[in-house]
Amino acid sequence: MNILSRCLMALSRKSRMSIKDVTFSSEGALYTIVISSSTIEQMVSECLKAGVNETGGILIGSYSEDSSTAMIVEATTRPADSLAGRTTFQRGVRGLRPLLHARWKTGLYYVGEWHFHPGGSPEPSGDDFRSMTSIAANSDYQCLEPVMIILGGDPAGSYSLSASVSPRGDAPIRLREVLI
């Protein structure tokens, strides 16, 4: 085993030990998002593979009975037909339909999108918000309030997350991390 492999294994063990579930909420708790630690691990792993390029995928999860809380349990890898560069990411669709159909059978659904801003802030860009507004308006997604999670920074070191929800017909709403 070479040194790089040992370092990646050590980083992987460290990440699993230190990553916890993260909760974001809007003022008045109208919208709440809970991201599982395994979902964050999936995103960090994909970001490490992407290096200096943006990457992303879809978010899969379920909703509370009153639909006020999205519980995110999976972040997919980027579809093979995605386009990515240093400052751009356009998610493809290859393989998503059968994946979502399989998850739907287990009570899980498309809840939104995630992507990576390498070395940068997790703040959503105007393009990010326009994309989510378009998804909210598109009935094909069957998601009235899609979530957007952005991981920014260095996934091997210091990174942070942002969360937004885009209610159909309204402006996107930035959520704040709930510190427990």
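Note that Cβ sites are derived from N, Cα and C of the backbone, with glycine treated the same way.
Averaged over the domain 'MPN' (33-165), the predicted model reaches a pLDDT of 96. Among the features that Swiss-Prot reports, domain 'MPN' is placed at 33-165, with the record citing sequence analysis.
As annotated by Swiss-Prot, active site, proton donor/acceptor applies to E54, with the evidence given as a curator's inference. Neighbours of E54 (active site, proton donor/acceptor), defined as other CB atoms within 10 A of its CB across all chains, total 22. Under the DSSP three-state reduction, E54 (active site, proton donor/acceptor) is assigned to coil, being neither helix nor strand.
DSSP assigns H115 (Zn(2+) binding site) to a strand in the three-state reduction. Every protein chain considered, the tally of other Cβ atoms within 10 Å of the Cβ of H115 (Zn(2+) binding site) stands at 29. The Zn(2+) binding site annotation in Swiss-Prot covers H115, H117, D128.
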Original post:
Taking the Cα atoms as reference points, how far is H115 (Zn(2+) binding site) from E54 (active site, proton donor/acceptor) in Å?
Top reply: 7
Original post:
Among the binding-site residues listed here, H117, D128, which has the most company in the form of other Cβ atoms within 10 Å of its Cβ?
Top reply: H117
Original post:
What three-state secondary structure does DSSP assign to D128 (Zn(2+) binding site)?
Top reply: helix
